[in-house]
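Here the structure is laid out as structure tokens; the discussion comes afterwards.
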């Protein structure tokens, strides 16, 4: 799949994702390149159709993009229950719609927004579909900077091969919007994601994992044969 085709798929997903939002909804806005296409399409609807809704962004970047279109933003403090959240993913299983998310670094806020929403919809191109999690993507784990070395050793004990995430072309550690670090943990093929998520979260110093288990209602998948609608 070439880069031009990927861009086309993401634009298609942006339009279809935006079509799920109707007047007066409270909407969780995801992060990453595909979620950004949804925000842009929502922005066009806001400007051209007069669509009005309240958005809760899951990252600073998504907030800035939404604001550039004039989209009204709110917080989970003001709006603790959302009608829908729309986001991308790094891997999605065909069966069960289990996810790995967080290669963009927004996994904690993305998960908080997801659990505030009545419905969670994922938008991906077909490259992201897998039979089992871990086929192509490590599990991002957000950790507190204090004692991260000890946290990493505990993650290694449960089978992780770990790379500490750094900024692009820079030796400094990558920090999330919340000021935390990301450890990219390769567990190989994940046969039991439910158990692995529990094992990861039980480690002191871990704030959140990029495993999104049993929480996706629908996935929109763009590919050669058009858009597939997958349900859990």
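Each Cβ is built from the backbone N, Cα and C atoms, and glycine gets one as well.
Going through 128, 132, 153, 157 against TrEMBL, the one listed in the substrate site together with 31, 32, 33, 34, 87, 88, 89, 90, 101, 102, 103, 104 turns out to be 128. Comparing the binding-site residues 101, 128 by how many other C-beta atoms lie within 10 angstroms of each C-beta, the top residue is 101. Comparing the binding-site residues 89, 103 on other C-beta atoms within 10 angstroms of each C-beta gives the minimum for 103. Taking each of the binding-site residues 31, 33 in turn and counting other Cβ atoms within 10 Å of its Cβ gives the largest count for 31.
Across the fold, the C-alpha of residue 89 (substrate binding site) and the C-alpha of residue 110 (active site, proton acceptor) stand 10 Å from each other.
Residue 87 (substrate binding site) has a Cβ environment of 30 other Cβ atoms inside 10 Å. Residue 128 (substrate binding site) sits 18 Å from residue 110 (active site, proton acceptor), taking the CA atoms of both as reference points.
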